[in-house]
Amino acid sequence: MNRSLIGQVHKKVPKDFLQVFIFDILSKVFMIVITIILIRIMSPSQYADIVKFTALSSFIYGVFGEGISLSFIRYSTEQYSRTGKSTVGLHAVSSLLIFILSFLVITLVPVLTGIYNTTAIVVIYASFYGFILSLINMNQAFFQSREMYVKSGITNNLRNVFILISLLYLMIIFKEVKATQVFLVYVICGSIAFVFGIIRIYKGTLLKEILSNRSILKLMLQDSFGIVIYLVILNVINQIDIVMISNMMTEKDVAMYGIAFKYYSLLLTLLPSIKAVLRVRTSKKEYIDDIEQRKKFTLIWLKRTWKFVIPFSVFVILASDIFMPIMNGEQYDEAINTFKILCVGVGISYMFASNTSIMMAAKKYKTLCLLAITSLGVNVLVNWMLIPVWGINGAAVATILTHMIINVSATFFIFLDKGESVK
């Protein structure tokens with residue numbers, strides 16, 4: 001093993017993390033402003049449609065976009081670190097695959113309408129936006145695999161800038177903003193951001209370069225099939241709470257849970273930054289080929305994070321009674337206790353943020369899938385048992401418990417791994 005090279009990797013991580021973090025912080029600032037605007041100008045029933053739109057588009061992005069883009073990052077980074085060859089063509093065919101899959105989802109509109117207990121118009125807009133997010137994420141994946149984190153951050157934040165400007169314009173023109181108007185804004189602004197990313201990637205690229213490695217898509221999917229399956233299951237887990245609340249409770253409850261979950265997601269601001277850097281770093285041969293390096297990195301991460309994230313989570317829980325009514329208004333006070341429960345998961349998520357990337361570096365895809373399937377079963381059972389008793393607070397408990405099972409169990413598997421290094 002090349003120790004000096006591994007040392008260089010560790011030294012470079014803070015710089016890369018800082019670049020990703022700055023753009024993620026900027027993205028979350030936009031999200032906070034957009035969320036507050038929507039909460040203030042929409043009724044709970046209208047905002048409930050926004051919650052379902054966001055949940056469904058995130059699910060489609062997670063199933064079709066995140067799986068393919070993460071496979072692209074892992075495979076192209078490993079190949080680039082071993083051979084130095086460009087994978088522009090792989091990006092092209094991966095994006096084309098996502099585009100083709102978007103047409104298949106159209107046939108599922110009636111099914112998704114029933115599952116989410118919503119209208120076809122919400123499902124159609126959410127489907128379009130989910131695939132636009134997937135294509136934008138593929139552009140980000142290309143930049144991240146080349147460690148161009150600034151370009152990746154710009155690509156994503158353009159979408160937020162366009163959305164914010166458009167919503168402010170709607171507020172000026174119309175006295176009341178409808179959910180369908182917001183859907184249209186998201187779709188159009190996302191499309192513009194996607195086109196911008198494509199221009200940045202392919203500018204100056206010859207057609208023969210794009211076609212040169214198009215045939216390796218099959219190899220990438222074969223090598224990373226376990227990642228795709230794991231992410232599909234994980235995204236199903238992430239939808240169980242909204243689906244069950246939508247079918248077991250009222251539209252107001254959906255809106256309350258959506259607000260609590262939105263702020264919970266905003267607290268996880270650093271998580272995308274961390275995972276974006278770790279996915280690239282741990283996909284390099286230095287981590288793939290060395291089992292002890294993976295264990296060492298996991299232990300260091302746990303030791304360095306717990307002393308910060310636990311006090312932070314406690315502080316936010318105590319302060320939520322003050323800042324949430326100020327931002328949301330009194331009509332959404334019922335979301336505060338749900339948010340407090342979800343805050344418990346914030347510390348857990350940060351402490352164990354490196355685990356899935358390390359497991360993927362070890363190519364323990366079957367283990368990850370097994371953990372995800374187990375967690376899915378627990379999630380459904382706990383939601384079914386607790387929602388009738390505790391309402392949306394029960395869904396929050398189920399969410400935290402589910403992610404705890406995956407994160408903590410993955411840690412044990414990393415330290416108990418006795419297998420030989422992956423070659």
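Cβ atoms here come from the backbone N, Cα and C positions, even for glycine.
TrEMBL does not curate its annotations; it predicts them automatically.
Residues or ranges marked as transmembrane segment by TrEMBL: 21-41 (among others).
For 53-76 (among others), the entry in TrEMBL reads transmembrane segment. Panel annotation: around the transmembrane segment (53-76), residues 87, 90-91, 94, 97-98, 101-102, 105, 112, 116, 122-123, 125-127, 129-131, 133-135, 137-138, 140-142, 144-145, 179, 182-183, 186, 219-221, 223-224, 227-228, 231-232, 234-236, 238-239, 242, 258, 279-280, 283, 360 of the same chain, lying at least six beyond its termini, place a Cβ under 8 Å from a Cβ of the stretch.
The transmembrane segment feature in TrEMBL is assigned to 88-109 (among others).
Per TrEMBL, the feature transmembrane segment maps to 115-136 (among others).
Sequence annotations record features per position, and here TrEMBL assigns transmembrane segment to 157-174 (among others).
The annotation transmembrane segment is assigned in TrEMBL to 180-199 (among others).
Summarising the annotation, TrEMBL assigns transmembrane segment to 219-237 (among others).
Sequence-distant contacts of the transmembrane segment (257-278) (same chain, at least 6 residues past either end, Cβ-Cβ under 8 Å): 13, 16-17, 20-21, 24-25, 28, 31-32, 35, 39, 47-48, 50-51, 54-55, 144, 149, 152, 241-242, 245, 316, 324, 328, 332, 335-336, 338-339, 342-343, 345-346, 349-350, 353-354, 356-357, 392, 395-396. Feature annotation from TrEMBL assigns transmembrane segment to 257-278 (among others).
The transmembrane segment annotation in TrEMBL covers 305-323 (among others).
If you look up TrEMBL, you'll see 335-353 (among others) marked as transmembrane segment.
Counting only same-chain residues 6+ beyond the ends of the transmembrane segment (365-386), those with a CB under 8 A from a CB of the stretch are 224-227, 229-230, 233-234, 236-237, 240-241, 244, 356, 359, 393-395, 397-399, 401-403, 405-406, 409-410, 413. Sequence annotations record features per position, and here TrEMBL assigns transmembrane segment to 365-386 (among others).
Below 8 angstroms of C-beta separation, residues 234, 237, 240-241, 244-245, 249, 253, 256-257, 260, 294-295, 298-299, 302, 334-335, 337-338, 341-342, 344-345, 348-349, 351-352, 355-356, 358-359, 362, 364, 367-368, 371-372, 374-376, 378-379, 382-383, 385-386 of the same chain, each at least six residues beyond the ends of the transmembrane segment (392-416), sit close to that stretch. Positions annotated as transmembrane segment by TrEMBL: 392-416 (among others).
Of the Cβ pairs linking the transmembrane segment (157-174) with the transmembrane segment (21-41) and spaced 6 or more residues apart, 3 or more are under 8 Å, so the two regions touch. A contact between the transmembrane segment (88-109) and the transmembrane segment (115-136) is present, since 3 or more of their C-beta pairs, 6 or more residues apart, lie under 8 Å.
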